[in-house]
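Quick look at what TrEMBL lists:
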DOMAIN    86-280  domain 'Peptidase M12A'
BINDING   HIS175, HIS179, HIS185  Zn(2+) binding site
ACT_SITE  GLU176  active site
DOMAIN    275-315  domain 'EGF-like'
DISULFID  CYS279-CYS289  disulfide bond
DISULFID  CYS305-CYS314  disulfide bond
DOMAIN    323-437  domain 'CUB'
Amino acid sequence: MDARVLVWDLTIREVLQNDAILLAYDDATHYKHNQESKPHHDELRVNNPDEYYQGDVDLTKWQALKLQTQILDSLGDESTTKRHKRKIGKRWDKRKPIIYDFADSIPAETRDKIKQALNIWQKGTCLRFKEGGPDVDRLEFFDGGGCSSFVGKTGGTQGISISTPGCDQVGIIAHEIGHALALFHEQARPDQLENIAIHYQNIPVSRWNNFHPVTDNQAATFGLPYDTGSVMHYGAYGFSSDPYRPTISTIDRNFQTTIGQRTEPSFLDIQSINEAYKCRENCKNSLSCLHGGYPHPNNCYTCLCPAGFQGQFCELVVTNTLCGGIITASTTPTHIQTPNYPNPFPHGQACIWLLQAPPTGHLFLQFIDNFHYQCEDTCDKSFVEVKTGPDFRPTGYRFCCSVVPSQVFQSGEQEMLIMHFANDQVSTGFRAKVWTDKEVVQPHLPSTAMPTTTDELTTPSTTTIFYLTPTTTILPVWPFTLFGTSSISPFTLPGEATTLSPFTTPGAGILTALVTSSAGSSITDQKCICQGWTEWSACSQMCGGCGKRSRKRECASVENCQVEEKRTCNFQACPQGTNFLFNNSEFHILWKSCCVGLFRSKDQCTALENGENAFLR
């Protein structure tokens, strides 16, 4: 008997058809298909969905029986009371490469795309792939007339069907490889109903099983959030009876055109594999990554960053000379727009804006004027993406076509990320206004502490904003460079990068707030009339006790008052093998991973007896 039939027998069909709760609510009629929108191409456009489980999954007989038991059990069938704990998808041995081969039916151009897809998974995880080899367990890519794969390692030679033409796209191939690495479809997660609605009234009864969620006992989520932008997620119209009505709608409607992308694995797809195969165990060091990044399993001294961020600690954004960057918002709206707006934007360009508000403030963004991108059911070629935070790991709201998003978007905390991608047809793009509900702190000298002579101090006539970018000299934020260490060459998944980054104040991203005191905290003596001290700056070096941090204050007289203080910082020993530090125009020689003049005690660099660093005298 075909393994697929075991998953969908008459008993299960009858249980589902008589599930009143399942069919009680269906609001698919509220969705109107955009007549401009082109159908999105994925594996379901190629396959006969009735030949596979969930549209593209091959099952062994054992897997089919396990899924059948799980479906009946989750529906409360009293005949299946025993819930098995064994996962459906077995994992490969990460200690050795996964061997793969090509059947003669795979043409050379498709082989190159398969290697590209394998490389994406390899660059972001600890898994390795090798063409050819003596192992019995292997992947074989062949043209079986569709796009399909088994889930996890089945033992022996297991096929991945990549039909040419049709399946020969890197994103579709990466999707099928994801199955082979033991990933199920994202929309089949146990928390499905919290994130999407399934419109069974628009799905033939024989295909209902394709949408049933997998339980925690059959597939793990590793505590990672649901990702509508996963390469493993269905699009909105798969298996539909009426192609102009969706079979899946997102609970948050702004994600509706995010689901179904087939460009590449998302940040959370990569992290799922790293969690499943315990790749993070490769990194024994502690690295404080920002914006949801984590130590890169292929280079433990830098972070793997969510899309849009880069830097060793994911503290920077990907920028270019024409657009993007870091914007500190105020209560007065400012504007961002695509290059050349309202004329067509250049092809093949990405713009990333990191918007930031003062501490405890929130950001607001509203699209205005003309809006136009290439129009498809899934926005994964040319589009604008909004990440409201504070969790920047999941894919954000993606918008394309010509309907201006009407909502005013509010950040979860003090940061919001806006990304523009132009990977296919060029168009107008967007224009948006940005503002915050909290004004930046302004420097203030109390009138009661002002000197009596008018020549002693002049009140500034211009406003100074004390929210500083990494190029500001008062509170420096710069990438660090380790010399003398061995590391692999950095590589970048789209939207990800691996440069080194500094530290930030909580909730303020890579902008550092200059904290001023109130009038009552100003210092007044016979010689000095000063405001309170700013907070300490980030340390100029990341390790070894060579660095310094500083703080400043505004004083009426620079000659008689101390306006800056410096302290040494970051006394943890540098990574083994580091011989030099060269950052922020400072050069330091290390001895036993500590700055010369200090000595090492376990993992710490101990300062001189007088508590000073000789290099800062």
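The backbone N, Cα and C atoms fix where each Cβ goes, glycine too.
Small disclaimer: the values here were computed from a predicted structure and weren't measured.
Geometry remark: CYS289 (disulfide bond) versus HIS179 (Zn(2+) binding site), CA distance 29 Å. According to DSSP, the domain 'CUB' (323-437) comprises 0 helix, 54 strand, 61 coil. For the domain 'EGF-like' (275-315), the DSSP counts in helix, strand and coil order read 6 helix, 11 strand, 24 coil. For the disulfide-bonded residues given as CYS289, CYS314, the lowest number of other CB atoms within 10 Å of the residue's CB is seen at CYS289. Taking the C-alpha atom of HIS179 (Zn(2+) binding site) as reference, the shortest distance to any of the disulfide-bonded residues CYS279, CYS305, CYS314 belongs to CYS279. The number of other Cβ atoms within 10 Å of the Cβ belonging to GLU176 (active site), over all protein chains shown, comes to 24. When Cα-Cα distances from the residue listed as 'active site' are compared across the recorded positions HIS185, CYS279, CYS305, CYS314, the shortest belongs to HIS185.
Around the Cβ of HIS179 (Zn(2+) binding site), the number of neighbouring Cβ atoms within 10 Å comes to 22. Cα of HIS175 (Zn(2+) binding site) to Cα of CYS279 (disulfide bond): a span of 20 Å. Within the same chain, the residues at least 6 positions away from CYS279 (disulfide bond) whose Cβ sits under 8 Å from its Cβ are LYS94, THR125, CYS126, LEU127, ILE273, PRO297, listed in sequence order. Of the chain residues outside the Zn(2+) site list HIS175, HIS179, HIS185, GLU43, GLN54, ASP56, VAL57, SER149, GLU176, GLY178, LEU183, PHE184, VAL231, MET232 have their Cβ within 8 Å of the site's Cβ mean position. Around the Cβ of CYS305 (disulfide bond), the number of neighbouring Cβ atoms within 10 Å comes to 34.
Taking Cβ-Cβ distances under 8 Å and a sequence separation of 6 or more, the neighbours of HIS185 (Zn(2+) binding site) in its chain are GLN54, VAL57, MET232, HIS233, TYR234. In the predicted model, residues of the domain 'EGF-like' (275-315) average a pLDDT of 93. For HIS175 (Zn(2+) binding site), the number of other Cβ atoms no farther than 10 Å from its own Cβ, over all displayed protein chains, is 28.
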